[in-house]
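Q: Got a structure here, written out as structure tokens. Questions coming.
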């Protein structure tokens, strides 16, 4: 080794020892011909004293040094209580420059790095420098600890870590595949996996019983904020289990992860049906750090003279203290709603003095409606109430978004104490199918050719109550699925899987996939189900999202070592990039397959 001690490990008890340190010049200070170097390595910082001006003169930030010297106590009054090594310094007897550093595109020093505003494109272009900064480095190191914590839990539960293929065939899974040309089979292509879903089910058929993998996944999606074309999930599958078994195991993993940041998750985590989540919070990812649920007023306005409220659905959400907002802020709320595809956001105000309702909607309501509205909505004097009316799903979604925005603007989230800083909930009993048009609206690729496609994926089992009848009413059938939500973020999702060939074929039929197409695209899975497939289920955790929450990061890019920027571009390597004519020829990108011999995509 080029060093005897990590820089951050030195303490007062090491005084008088001669050590050799290696690391980067974090910063330097000069006092009367003596240079003080903060030497940084992965363990921390130690102050190095260089008394030879000729040696110290050329040293600049981010030079890589090897320093040999004696550990000494700092003079009284010069200790640094903010550093674990703040009681000592190393008086250098020998300094070797292992490498110099060019002028930096941004500050890396721990003293400056977290306060300097740096553009994301520059950070990603020089990611190897960015990761020297304290906050990015901490995020990546915590990710490693999270991997270890999950493995400890799963190893203790006798799970087997198995790697599944990353070169496979293209199968419809809800997004576009990244395709890889097969050089030895011109005109044919591999696909990178969107998830290990089919392989982990095959592992259950194979008798592995308990599988997990920290899996790399790939989806060729249109640009969405805070999405990555390649991402990581903790993938888990179990045989001979029911929903409660998978949830109990998943909670053990979550408890271990949040213990890394000193928080104990109360278990069992509460559960909420999909219908209740949509009715009360307008989303299947409710943020339960605060209350203020949506109030349904459809029945209340059943006989209303106000034409706007003569709708399929009328709902409201309260903004505490909102009555005092100036008119321009209410106008800004209208623009906020229009940006979300709504025509606006109707509102009334309840004055502090108890006088008659304010706001443009009030004059359109009957006397009885005005008189009972405060009680119906739960509003107090001084509050404002926002309304949405129209089709149920988009109206609830608008109110759910308004509820979240109200919480941000009024400090409901920021005021949560440590115990309330994290709110977990399982959302269960989601629909099995959704209209194909809804998938397109969500930016997903609908699987199949009928009016219905899968909400989760095509391999999710119906609930026991629906397993024999789901074809009769696809829009009402429920899935044996469960999503885990933390602070309004979906951080994992799973289901009990279909393990019978006949049930899987019936699900395909609802989705417009006939027997021939099912055999062509999923024959390997259907055939496996014919050989004694056990009942099984599992869950996949969104690893990047979980790590973003654990580290307090605004974006998942902060917890990925080398992330892509918007549109899947990598400023560091400038990928994606054109290939040469020779590469095109060798890879067979332009080859046209022989229809008689080529495998069907």
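Cβ atoms here come from the backbone N, Cα and C positions, even for glycine.
Since we're looking at a predicted model, the values are computed, not measured.
Per Swiss-Prot, the features are:
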type	residues	note
SITE	31	site 'Important for tRNA non-discrimination'
SITE	77	site 'Important for tRNA non-discrimination'
BINDING	173, 219, 456, 497	L-aspartate binding site
REGION	197-200	region 'Aspartate'
BINDING	219, 220, 221, 228, 490, 542, 543, 544, 545	ATP binding site
Q: What is the nearest of the recorded positions 31, 77, 219, 497 to residue 490 (ATP binding site), using the Cα of each?
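A: Comparing Cα positions, the candidate nearest residue 490 (ATP binding site) turns out to be 219.
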Q: Would you mind ranking the recorded positions 31, 219 by how many other Cβ atoms sit within 10 Å of each Cβ and giving me the lowest?
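A: Sparsest of the recorded positions 31, 219 by Cβ contacts within 10 Å: 31.
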Q: Given the binding-site residues 173, 221, 490, which one is most crowded in terms of C-beta atoms within 10 angstroms?
A: 173
Q: Which state, by DSSP, holds residue 543 (ATP binding site): helix, strand or coil?
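A: In the DSSP reduction, residue 543 (ATP binding site) maps to helix.
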Q: Expressed to the nearest Å, what is the distance separating residue 77 (site 'Important for tRNA non-discrimination') and residue 31 (site 'Important for tRNA non-discrimination') at their Cα atoms?
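A: The Cα atom of residue 77 (site 'Important for tRNA non-discrimination') is 16 Å away from the Cα atom of residue 31 (site 'Important for tRNA non-discrimination').
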Q: Rounded to the nearest Å, what's the C-alpha distance separating residue 173 (L-aspartate binding site) and residue 31 (site 'Important for tRNA non-discrimination')? Just drop the number here, would you?
A: 65
Q: For the region 'Aspartate' (197-200), what are the DSSP-based totals of helix, strand and coil residues?
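A: Helix/strand/coil tally for the region 'Aspartate' (197-200): 4 helix, 0 strand, 0 coil.
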Q: Which of the recorded positions 31, 219, 456, 497 has its Cα closest in space to the Cα of residue 545 (ATP binding site)?
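A: Checking each of 31, 219, 456, 497 against residue 545 (ATP binding site), the shortest Cα distance is to 219.
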Q: If you measure residue 31 (site 'Important for tRNA non-discrimination') to residue 543 (ATP binding site) at Cα, how many Å is it?
A: 48
Q: Could you tell me the mean pLDDT over the region 'Aspartate' (197-200), as a whole number?
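A: In the predicted model, the region 'Aspartate' (197-200) has a mean pLDDT of 97.
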Q: Taking the residues the record says bind ATP (219, 220, 221, 228, 490, 542, 543, 544, 545), how far apart in Å are the two Cα atoms that sit farthest from each other?
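A: Spelled out: the longest distance between any two Cα atoms in 219, 220, 221, 228, 490, 542, 543, 544, 545 is 20 Å.
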